[in-house]
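Annotated features in TrEMBL:
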type: DOMAIN; residues: 6-136; note: domain 'EamA'
type: TRANSMEM; residues: 34-53; note: transmembrane segment
type: TRANSMEM; residues: 68-89; note: transmembrane segment
type: TRANSMEM; residues: 95-117; note: transmembrane segment
type: TRANSMEM; residues: 124-141; note: transmembrane segment
type: TRANSMEM; residues: 147-163; note: transmembrane segment
type: DOMAIN; residues: 153-278; note: domain 'EamA'
type: TRANSMEM; residues: 175-193; note: transmembrane segment
type: TRANSMEM; residues: 205-224; note: transmembrane segment
type: TRANSMEM; residues: 231-255; note: transmembrane segment
type: TRANSMEM; residues: 261-279; note: transmembrane segment
Amino acid sequence: MMMSKELFLGILSFVLWGLFPIYFKSISADSIEILAYRVIFASIFGFMFIVLFKKNSSLKRIFYNKTIFLKLSLAGFFVTLNWGIYIYAVTNNQILEASIGQIINPLFFMLFGAIFLKEKISNLAKFSIFLIFIAIGIEIFANRSFSVVSIALPAAFAIYGLIKKKIQTPILESLFCETICLVPICVLYLFFIEFKGMGNFELNLNGILLIGAGLATLVPLITFNAATRTLNLATIGFLQYITPTITICFGIFIYEERVDLVKIISFLIIWIAVLINTFDSIKTKPKF
């Protein structure tokens, strides 16, 4: 039985996201500089794709609707914050902490939906969220600390999701509007560090990677958008764990990040929570 095109594109999307640690680790620049280039060139490449796919008219409609544009601008702040936290984690040897954030991301969506949108969640989902807090508590008790990355990463993306929930806009046009508002700030920052002699952009492989960060942002989004047209939610729910699984492997086996007994126990509890939530999602959600 051959794999469907949509399933292939879905797997490809999550594999590409899983390769991000290698990409960002390969760039010689600090996390803020990488983020600035990512925002600028995600906007530039996004506009190029909009023109290529002839979506100019839908982009104009968004620009003329001030309410939607302002909401997208706010969403852009939080998705950029999410990107920045992730890049910081990868470039500062916290890949495993970022992986935890990716794993528990769906549970944060549920938690925020229940708190801010009064959405009902099942008892199993509540138990899954409770287990996440148990895992966090174990790390805090054992190590007297817990990585902010593991909480801030999914929290920023969950807030982004809350804002986007009621804005029905195409993905390319939406991402362009989300990033374009931050481009002036990013450009000013890059001019400042270049003026101070602290910039890392050169016409070499490092410069190409900095520019390519924008394209690397768009490609998996485009393939994922194509995949979700026919894939059911249960399949997407399973596929999304490809990304943190890959990044965990990178963190442990390639970048040799420290894994102690406490972290192993925390990971096991988190994975149990994820499996419970996935089972609950398959049981309760209709197939499409």
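The backbone N, Cα and C atoms fix where each Cβ goes, and this holds for glycine too.
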DSSP-assigned states of the domain 'EamA' (6-136) in counts, ordered helix, strand, coil
111 helix, 0 strand, 20 coil
Are there residues at least six beyond either end of the transmembrane segment (34-53) with Cβ under 8 Å to its Cβ atoms? List them, or say none.
24, 27, 59, 80, 83-84, 87, 91, 172-173, 175-176, 179-180, 182-183, 186-187, 189-190, 201, 210-215, 217-218, 222
Checking distant contacts: for the transmembrane segment (147-163), what same-chain residues at least six beyond its ends satisfy Cβ-Cβ under 8 A?
71, 74-75, 78-79, 81-82, 85-86, 88-89, 94, 97-98, 100-102, 104-105, 107-109, 111-113, 116-117, 136
Contact call for the transmembrane segment (231-255) against the transmembrane segment (95-117), three or more Cβ pairs under 8 Å
yes
Calculate the per-residue pLDDT averaged over the domain 'EamA' (153-278) and state the result as an integer.
92
With DSSP as the reference, give the number of residues of the domain 'EamA' (153-278) in helix, strand and coil.
96 helix, 0 strand, 30 coil
Take the transmembrane segment (205-224) and find every residue of the same chain, 6 or more past its ends, with a Cβ under 8 Å from one of its Cβ atoms.
9-10, 12-14, 16-17, 20, 23-24, 26-29, 33-34, 37-46, 49, 83, 171-172, 175
